[in-house]
Amino acid sequence: MVKICCLGAGYVGGPTMAVIALKCPDVEVVVVDISAARIDAWNSDALPIYEPGLDDVVRRCRGRNLFFSSDVERHVGEADIVFVSVNTPTKARGLGAGKAADLTYWESAARMIAAVATSDKVVVEKSTVPVKTAEAIEKILDHNGRDGVGFQILSNPEFLAEGTAIRDLLAPDRVLIGGRETAAGRAAVQALKDVYTRWVPEERILTTNLWSAELSKLAANAFLAQRISSVNAMSALCEATGADVAEVAYAVGKDSRIGAKFLNASVGFGGSCFQKDILNLVYICECNGLPEVANYWKQVIKINDYQKSRFVNRVVSSMFNTVAGKKIAVLGFAFKKDTGDTRETPAIDVCKGLIGDKAKVSIYDPQVTEDQVQRDLAMSKFDWDHPVHLQPMSPTAIKQVSVAWDAYEAARAAHGVCILTEWDEFRSLDYARIYGGMQKPAFVFDGRNVVDAEKLREIGFIVYSIGKPLDAWLKDMPAVA
């Protein structure tokens with residue numbers, strides 16, 4: 001029986017291994033993590049991450065050929081193929097701080113693999129890593145491994161979207177495998193390919209050299225984020241000219257050379273990948289003497305920050321240029337619907353901006369806990385040309401935040417409602433009921449364009465929708481960028 005071990009039981013490692021176990025019942029799959037609490041959650045009925053369809057896949061495979069364990073060294077030592085899906089955050093200090101990927105966890109994983117391996121291993125990069133990381137990992141493994149034990153490094157980046165991860169894994173657009181162009185490297189690529197061909201058509205499995213695979217993941221995320229920043233830049237121009245960004249995006253998306261995906265204007269992109277990977281790409285360009293290319297990609301982040309700042313400014317300016325002492329309901333805190341992931345969510349920066357103007361913020365999200373909200377708002381992060389309101393908040397300021405159990409409670413007695421995540425339930429709320437319980441004039445600031453603005457105006461709301469023509473009230477109170 002082929003044995004697979006995955007280091008890291010997070011948003012990538014857990015779902016990916018669960019689907020491999022589902023589709024390869026004769027392969028033993030073990031997910032390991034140094035966090036005993038996380039492993040306990042994977043072994044319970046309350047999984048540590050929310051992902052549609054994940055519960056069912058885990059339930060069908062767990063205890064059969066899918067296992068979760070904190071006995072890391074044992075299972076790594078027994079495995080034929082070791083996936084490494086550990087965190088690669090942006091460095092917070094030192095050389096490359098604010099841009100470069102921090103490979104501390106990756107290096108620790110490589111040293112541990114070298115120490116415990118008594119047989120040949122195929123080591124698979126699943127985390128998103130900088131170009132040439134495989135070369136560094138090879139050196140660590142070769143210099144620290146036992147005599148006679150061989151290692152082959154593969155790059156097999158994930159192309160998952162949170163909220164649709166199981167669907168993406170079951171029917172991927174493509175599976176990318178990069179390896180050394182040697183006999184041993186090609187054999188390792190084939191071994192991993194044999195796993196995926198159990199359910200993925202062979203024509204969708206792409207093989208490249210290591211460096212192309214590593215860079216392809218960064219490039220894919222950069223291109224997707226670029227599209228979001230492009231349509232968000234257009235949303236600002238639409239508001240200034242009276243155009244409708246939804247109509248513009250639809251017209252542009254009908255061009256077969258462009259396509260319609262990732263053209264929804266919003267308060268900004270978030271998640272664990274886009275900003276981190278673009279900053280990493282910027283750093284790689286700078287290190288390779290390509291400042292013009294670095295500056296090009298840096299603008300994607302700058303537009304994203306601008307969009308969040310613009311949203312906050314619109315809220316404040318619309319409400320008589322102050323939100324001090326006013327209750328603002330925030331509907332949605334996760335970075336997108338159908339996930340509880342709050343990493344780099346635009347809601348953090350919007351909330352900080354409102355609280356910085358002394359607003360009282362009441363937050364509701366169906367999948368985000370109060371503890372998570374408080375942790376996110378208190379967390380420090382590296383300042384990289386960010387506006388002041390994106391800085392860490394003081395404990396005193398965080399006391400201005402409350403978390404509600406539903407949207408109606410969050411909006412009760414509020415002056416304004418900010419919709420920051422496109423949860424389906426926010427489309428069908430009883431907005432007449434919400435309006436009745438709010439201070440007047442009552443505002444809705446739709447950061448995801450999920451509500452019917454005209455229907456809300458008929459109820460009595462003053463409505464701001466990103467990239468849509470402004471009503472008279474908003475025109476009279478222009479937001480300062």
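For all residues, glycine too, the Cβ spot is worked out from N, Cα and C.
Taken straight from Swiss-Prot:
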type     : residues                                                    : note
BINDING  : 8-13, Asp33, Arg38, 86-90, 127-128, Glu162, 273-276, Arg343 : NAD(+) binding site
BINDING  : 158-162, 217-224, 257-270, 335-336, Arg448                  : substrate binding site
ACT_SITE : Cys273                                                      : active site, nucleophile
MOD_RES  : Ser394                                                      : phosphoserine
In angstrom units, rounded to an integer, how far apart are the Cα atoms of Ala220 (substrate binding site) and the residue listed as 'active site, nucleophile'?
11
Distance between Cys273 (active site, nucleophile) and Tyr11 (NAD(+) binding site) at the Cα atoms, whole Å?
11
Give me the long-range Cβ neighbours of Asn264 (substrate binding site): same chain, 6+ apart, Cβ under 8 Å, in sequence order.
Val231, Ala249, Arg448, Asn449
Residue among the recorded positions Leu224, Ala260, Cys273 whose Cβ has the most other Cβ atoms within 10 Å
Cys273
Give the helix, strand or coil assignment DSSP yields for Thr90 (NAD(+) binding site).
strand
Determine, from DSSP, whether Lys336 (substrate binding site) sits in helix, strand or coil.
coil
